[in-house]
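Asker: Take this structure first; my questions come after.
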Amino acid sequence: SLMISESVWFIYFFFYSFLSFVLTFMFNIFKLFHLNQLFSWFVNSKILKFTLFMNFLSLGGLPPFLGFLPKWLVIQQLTLCNQYFLLLMMMMSTLITLFFYLRICYSAFMMNYFENNWIMKMNMISINTNMYLIMTFFSIFGLFMISLFYFMF
């Protein structure tokens, strides 16, 4: 996207920096360091588990989430410049990363992890948790909100 348009690259970089920040902020809040912790950590809180894996899907660029917007802009710019081969290669690499994110999400939601080997201190009502949930709201519903603003103005 940097070869095509500097502004599209900046938008792409900004959105993925925001999505990566939301996930790393969540990892920092709950002191998660391993993938096994993700599966067994949120046994009691289904909302936090749901928001975590929706952020993963948004980072992967699944269409209803905010992470799809920069990919959509790059797809539009590549088709306008007739770069179909590059577009095909980028879409295939995106599907590979999305496959890994979907595998993580599927195994977290469909498999039961009842044993808990990690020390948990879950303080659900904290400023950091509320800030994480606000950023998650923008990550999940951001594409809808941007589309709504676009049609309003």
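Counting starts with 1 at the first residue shown.
Note that Cβ sites are derived from N, Cα and C of the backbone, with glycine treated the same way.
The domain 'NADH:quinone oxidoreductase/Mrp antiporter transmembrane' annotation in TrEMBL covers 5-97. The domain 'NADH dehydrogenase subunit 2 C-terminal' annotation in TrEMBL covers 98-150. Here TrEMBL flags 7-30, 50-73, 85-111, 131-151 as transmembrane segment.
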Asker: Take the domain 'NADH dehydrogenase subunit 2 C-terminal' (98-150) and average the pLDDT across it for me.
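Answerer: Reported value for the domain 'NADH dehydrogenase subunit 2 C-terminal' (98-150) is a mean pLDDT of 75.
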Asker: What residues in the same chain, six or more past the boundaries of the transmembrane segment (7-30), come closer than 8 Å to it by Cβ-Cβ distance?
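Answerer: Counting only partners 6 or more residues beyond its ends, the transmembrane segment (7-30) has Cβ contacts under 8 Å with 1, 41, 52, 55-56, 58-59, 66-67, 69-71, 73-74, 77, 122, 126, 128-129, 131-132, 135-136, 138-139.
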Asker: Same chain, outside the transmembrane segment (131-151) by at least 6, Cβ under 8 Å from its Cβ: which residues?
Answerer: 18-19, 21-22, 25-26, 29, 51, 54-55, 58, 63-69
Asker: Please count the residues of the domain 'NADH:quinone oxidoreductase/Mrp antiporter transmembrane' (5-97) that DSSP assigns to helix (H, G, I), strand (E, B) and coil.
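Answerer: In the domain 'NADH:quinone oxidoreductase/Mrp antiporter transmembrane' (5-97), the DSSP-based counts are 73 helix, 0 strand, 20 coil.
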